[in-house]
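Per TrEMBL, the features are as follows:
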| type | residues | note |
| --- | --- | --- |
| DOMAIN | 31-147 | domain 'MTTase N-terminal' |
| BINDING | Cys40, Cys76, Cys110 | [4Fe-4S] cluster 1 binding site |
| DOMAIN | 171-424 | domain 'Radical SAM core' |
| BINDING | Cys185, Cys189, Cys192 | [4Fe-4S] cluster 2 binding site |
| DOMAIN | 426-489 | domain 'TRAM' |
Amino acid sequence: MMEFVLPDKAHDESRQGEALMLEQNDKNNGRKLYIESYGCAMNFSDSEIVASILMDKGFETTSDYRNADVVFINTCSIRENAEQRVRNRLREFGIAKVKNPGMVVGVLGCMAERLKSKFLEEEKLVDVVVGPDAYRDLPNLIDQVDDGQRAVNVLLSREETYADINPVRLNSNGINAFVSIMRGCDNMCSFCVVPFTRGRERSRDPQSIVKECTDLFNAGYREVTLLGQNVDSYKWSPSQTLPEGKGLNEESLPSGEVGGAFVNFAQLLEMVALIHPDLRIRFSTSHPKDITDEVLYTMKKHDNICKYIHLPVQSGNSRVLELMNRTYDREWYMNRVDAINRIMPECAISTDIIAGFCTETEEEHADTLSMMDYVKYDYAYMFMYSERPGTLAAKRYADDIPEAVKNRRLQEIVAKQREYSHYRLQGHVGKVHRVLIEGFSKKSDKDYCGRNDQNAMMVFPVDERFKPGQYVNVFAESCTTATLLGKIV
Ligand code: SAH
Ligand code: SF4
Ligand code: F3S
C-alpha cells in the first residue's frame with residue numbers, strides 16, 4: 001500500500017530536521033577532524049565517507065592531529081602486526097591528548113568491529129569505537145562523548161552501502177579515486193578476519209556508482225578503482241532497495257539491462273567504461289573462483305578498462321588451498337590464468353601469497369614457488385601467516401610452522417618475485433606506453449610520474465605542454481627494480 005504524507009506534516013518535519021541540523025552544525029562549526037587510515041583501499045575509501053558525514057555537520061578536516069578536536073584512526077585487523085601498528089599510534093595520540101584533554105579519540109574500522117567495547121577497557125584514551133557499518137551514527141556518537149560518555153556502535157548491517165553519500169576526497173591528487181561498489185565478504189577463507197569485521201556481502205546500486213564516477217570525471221578525475229573484497233560476486237537485482245527506500249526502478253536502468261534479472265560485475269564494468277573514453281577503470285580484488293570469461297571479454301572490449309588483474313593465489317598447493325577454504329585448486333587457478341593470457345595476452349597479473357599456513361610442508365611451499373614460475377606475476381603482496389582469533393583456521397588448525405621457517409619461506413617467495421617483477425618491467429622497455437600523468441615524481445619536480453595500462457609506474461621528464469591528469473605516450477628506455485624510465489614521444 002502506498003503511504004501518503006500530508007504536505008504540511010512533511011513540511012514541518014523537514015523544518016524540524018533543518019533546525020536540528022543547523023544546531024548541530026553551529027555546535028560543530030569549525031571543529032577540526034583528523035583521520036588516519038590503515039589497511040586496504042576499502043578503509044581509505046571509508047575514511048572519505050566518514051569525512052563527508054562529519055563535514056555535513058560542520059566539521060573541517062586537518063592534517064595535524066595535534067590541534068584536532070576529533071582524532072579518528074581507521075584500523076585494520078588483517079594480521080597481528082597491523083593491529084600492533086594501530087596500538088602504537090594510539091600511544092602517540094595519547095600524548096597529544098594530555099596536552100589537549102578535550103580531544104575526542106575514536107577507533108573506526110575492522111579492529112573496532114573485532115574488539116568492540118573491549119577496546120574501551122584496553123585503551124583508556126579511546127572515547128568512541130565504531131564499526132564499518134555504523135558511520136552514519138558518528139555525529140550522534142560524538143555528541144554522546146561531548147556529554148561525557150564513551151560511545152560504541154559496532155552493529156553490522158545487511159544493507160548499508162553508503163550509496164547516497166558523496167565522499168569527500170582526502171589527500172587526493174584530483175586524478176585517481178577509489179569507488180566502493182560493494183561491502184563485506186561471504187567467502188570465509190579460513191585464515192581471514194574480514195567476514196567477521198565487515199559482515200555480509202552486499203552490492204551497491206549501479207546507478208549510484210555510475211553517478212559517482214561521472215561526477216568524478218566531471219571534476220577532472222581520470223581514473224577510478226572499483227573496490228570490493230570480491231568484485232566478481234558483485235550482483236545487483238532491480239528489486240533491491242536503498243536503505244532510505246530509494247529503489248532502482250526499471251526505467252532508470254540503461255537499455256539492455258531493462259527487465260534483466262540483475263546487474264553483474266561485467267555489466268557494471270561496461271556501464272562505468274561507457275561514461276567517457278578518457279576515464280580509466282581499474283578494480284580490485286578479483287577472486288579466482290569467481291572471475292568469469294565475461295569479465296575478461298568486457299575488459300578486452302573497452303580500451304579504458306586497464307589490462308591489469310589482481311588475482312590472489314594465496315598458495316600454489318591444492319591441499320593447502322582446501323585448508324584455506326579458497327574453494328579452487330591449483331589447476332583451476334592455472335586455468336583462469338590461461339584464460340587471461342589467451343583473451344588478453346598483454347594483461348598484467350598481480351597476487352597475494354601467504355607463507356607458512358598451518359601444516360604447510362616444504363613440498364607444498366615449493367608448489368607456491370612453481371606457481372610463481374608458471375604465472376610470472378608482475379607484482380605480489382607477500383605475507384607470513386598470522387593467526388587471527390575467531391577465524392576457522394584458528395579454531396581448526398594448529399599454527400604449527402615455526403616463525404623462522406615461515407620467514408625463510410617468505411624470503412624465498414620475495415626473492416623469486418623480485419626476479420619476476422624485474423622480468424615483467426623489462427618486457428615493457430623499448431615500447432611506447434599510454435600513461436596518465438599523476439603528478440611530479442617523488443624524487444624530483446623535474447620529472448612526472450604515472451602508470452601505464454598494466455599498472456607499471458613510469459617516470460619521465462616534465463614536458464610543459466602536458467599537465468597532470470592528461471594522457472601521454474611515453475617511450476620506456478630502461479627500468480629500475482620497480483619503475484620504468486622513459487620520455488614523452
Ligand atoms: N579479498 C581479498 C583479500 C583481502 S585481505 C581476496 O580474497 O584475495 C588481503 C590479503 O591479506 C589476502 O589476500 C591474504 O593474502 C592476506 N591475509 C589475509 N589474512 C591473513 C592472515 N591471517 N595472515 C597472513 N596474511 C593474510
Ligand atoms: Fe578474506 Fe577470503 Fe573474503 Fe578475501 S575472499 S576478504 S581473503 S574471506
Ligand atoms: Fe584490513 Fe579490514 Fe581491509 S581487516 S585489509 S582494513 S577489510
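A Cβ is built for glycine as well, from the same backbone N, Cα and C atoms used for every other residue.
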Close-lying binding-site residues around ligand 2 among Cys40, Cys76, Cys110, Cys189, Cys192, where CB distance stays under 6 Å: Cys189, Cys192
Proximal but sequence-remote residues of the same chain as Cys76 ([4Fe-4S] cluster 1 binding site) (Cβ under 8 Å, at least 6 apart): Tyr38, Gly39, Cys40, Asn43, Ala82, Glu83, Val86, Gly109, Cys110, Met111
DSSP helix/strand/coil residue counts for the domain 'TRAM' (426-489): 3 helix, 34 strand, 27 coil
Per DSSP, three-state class assigned to Cys110 ([4Fe-4S] cluster 1 binding site): helix
Filtered binding-site residues, from Cys76, Cys110, Cys192, whose Cβ is under 6 Å from an atom of ligand 1: Cys192
Among Cys40, Cys110, Cys192, the one of these binding-site residues whose Cβ has the fewest neighbouring Cβ atoms within 10 Å: Cys40
Neighbour tally for Cys189 ([4Fe-4S] cluster 2 binding site), based on other Cβ positions within 10 Å of its Cβ: 22
Those residues of the chain, 6+ apart, with a Cβ under 8 Å from that of Cys185 ([4Fe-4S] cluster 2 binding site): Cys192, Val194, Pro195, Arg198, Glu201, Gln229, Asn230
The domain 'MTTase N-terminal' (31-147), counted residue by residue under DSSP: helix, strand, coil: 62 helix, 22 strand, 33 coil
Mean predicted confidence [pLDDT] for the domain 'Radical SAM core' (171-424): 93
Sorted by sequence, non-Cys40, Cys76, Cys110 residues with Cβ within 8 Å of centre, [4Fe-4S] cluster 1: Tyr38, Gly39, Met42, Asn43, Thr75, Ser77, Ile78, Ala82, Gly109, Val194, Thr197
DSSP state at Cys192 ([4Fe-4S] cluster 2 binding site), helix/strand/coil: coil
Local backbone state of Cys185 ([4Fe-4S] cluster 2 binding site), from DSSP in three classes: coil
Contacting binding-site residues for ligand 3, chosen from Cys110, Cys189, Cys192 when the Cβ sits under 6 angstroms of any of its atoms: Cys110
Extra residues within 8 Å (Cβ to Cβ centroid of Cys185, Cys189, Cys192), [4Fe-4S] cluster 2: Asn187, Met188, Phe191, Val193, Val194, Pro195, Gln229
